[in-house]
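Single-structure report; data block below.
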Amino acid sequence: MAKNKNNNAQIKSQKKIIKKQETESEIEEEEIQQYSEEDQQYSYEQQNSDEEQEQNDHEEQDEENDDDNKEEEEDQEEGEAEENSQGEEGEIEMEEEESQQYNKETLQINQKDGQPDLAILNMKINDILHILSNFNENNKEKRSRQSILDELQTYLMQYYNYNRDLINLFMSMFNPNELVQFLESNETQRPVTIRTNTLKTRRKELAQILAQRGVNLDSLAEWTKVGLKIYDSKVPIGATPEYLAGYYMLQSASSFIPVIALAPQQNEKILDMSAAPGGKTTYVAQLMKNTGILFANDIKSERNKALIYNVQRMGITNCVVTNYDGRKLPKCINNFDRVLLDAPCTGLGIISRDQSIKATKQLIDVYKHSHLQRELILSAIDCCKKGGYIVYSTCSVSVQENESVIDYALKNRFVKLVDTGVDVGEEGYIKYQDKRFDPSIKKCRRILPHIHNMDGFFVAKFEKNWIMEQELKKKKMLI
């Protein structure tokens with residue numbers, strides 16, 4: 001038995017030795033594969049030199065000279081390899097030091113009850129903004145701009161609780177200082193605003209009634225004659241007798257603008273393509289003074305309940321509510337004088353009202369909405385008569401959901417952009433990253449929270465250009 005045990009031990013020992021040799025052989029093969037091109041070239045030269053030696057063994061003097069030359073080349077190659085190796089090691093060490101320093105800073109930031117220390121994060125963000133304000137002078141450590149921007153991205157994600165996709169998206173749109181202003185503006189609530197229903201009352205009369213109920217309010221802005229801004233109230237503003245009687249609508253100030261741009265007229269035939277919950281629909285009917293006919297459509301039947309309630313509450317009598325896919329509407333009803341498309345979007349302009357957007361919306365959501373918006377805008381144009389007007393709007397600030405969609409429509413339908421007739425907002429982008437849009441997109445309006453203290457919004461107005469269509473038909477006939 002003892003003998004068998006000894007034999008087994010010997011066999012195991014031999015297996016370990018063989019395994020170790022195989023492992024060492026594998027390591028050697030990996031090291032050989034990692035040789036630089038210079039080492040491979042050197043091996044090639046050495047092999048040629050050895051072959052020449054074998055052919056000239058009978059010439060001892062020549063062989064000695066070859067050996068001497070080979071040794072000199074070997075020394076030279078080894079010296080160069082050492083210098084390159086030292087240089088590479090130095091670069092790696094520097095990168096490791098920067099990484100370690102960054103990791104230490106990150107750890108320091110996350111030492112407050114396992115949560116980011118907002119004071120330190122804010123200081124880091126301000127330090128980076130200072131560096132970027134005058135990069136050549138303030139960049140004492142001579143870091144690359146990209147590494148500093150990457151660090152800023154990480155700090156902004158931690159400080160404001162956004163996912164990486166959204167921070168990347170906003171960084172592509174705004175310079176660092178404006179980006180921080182935009183993110184900061186999303187941390188504060190917009191003022192509560194209401195729209196007076198002029199079918200039932202006047203703004204001055206409504207303001208007096210609400211003031212008597214303990215509502216502190218003022219007129220909204222010069223660009224609207226029906227808006228009121230609420231500072232504070234002793235009564236629930238959405239449950240007063242006046243609200244229930246339809247004297248006013250609780251409505252974001254930005255959402256007034258698409259209807260003002262549409263400029264509805266009396267006795268027209270108008271379509272609101274994505275109407276629920278009815279803020280814009282009831283405003284359109286109000287400007288039409290309950291004349292003509294207004295189709296209010298929404299694809300979601302559950303949303304239509306709120307739409308119908310608001311239409312009835314506000315005293316609208318010229319409205320037909322429909323429940324249909326907007327992309328299929330041109331086959332059913334068309335030839336409208338005006339079409340309003342407040343398109344479904346990611347809501348990147350209303351983050352102050354819905355903080356969950358920071359974590360839930362990603363880049364893929366932006367592109368999914370952009371695809372749907374392109375389908376809807378072509379459908380809206382097809383629903384409109386020649387010479388009619390189409391207004392496109394979203395409550396998103398992303399270029400993909402706005403300027404890209406408008407540019408697509410201009411290339412695929414006989415339409416042209418016209419002035420919105422609104423004196424508020426910034427111009428639309430005609431350049432974004434590597435993209436170049438139609439110059440007329442400057443006529444679009446961008447409402448930005450950090451500039452206008454309103455929800456982020458985008459508005460564009462088209463005219464369906466039948467003259468362009470006629471000219472193209474004539475050219476085709478001539479051909």
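Yeah, the Cβs are placed from backbone N, Cα and C, and that goes for glycine too.
Quick look at what TrEMBL annotates:
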{"type": "ACT_SITE", "residues": "CYS395", "note": "active site, nucleophile"}
{"type": "BINDING", "residues": "SER274, ALA275, ALA276, PRO277, GLY278, GLY279, LYS280, ASP298, ASP325, ASP342", "note": "S-adenosyl-L-methionine binding site"}
{"type": "COMPBIAS", "residues": "24-40", "note": "compositional bias 'Acidic residues'"}
{"type": "COMPBIAS", "residues": "48-99", "note": "compositional bias 'Acidic residues'"}
{"type": "REGION", "residues": "1-103", "note": "region 'Disordered'"}
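On its own chain, LYS280 (S-adenosyl-L-methionine binding site) has SER255, PRO258, VAL259, ASP272, LEU340, ASP342 as residues at least 6 apart in sequence with a Cβ closer than 8 Å to its own Cβ.
SER274 (S-adenosyl-L-methionine binding site): 21 other CB atoms within 10 A of its CB, across all protein chains.
Under a cutoff of 8 A between CB atoms, and with a sequence separation of 6+ in the same chain, the neighbours of the residue listed as 'active site, nucleophile' are SER252, SER254, SER255, CYS345, GLY347, LEU348, GLY349, ILE350, ASP455, GLY456, PHE457. Look at the Cβ of each of the binding-site residues ALA276, GLY278, ASP325 and count the other Cβ atoms within 10 Å; the largest number goes with GLY278.
Comment: S-adenosyl-L-methionine site residues SER274, ALA275, ALA276, PRO277, GLY278, GLY279, LYS280, ASP298, ASP325, ASP342; largest CA to CA distance 20 Å, whole number.
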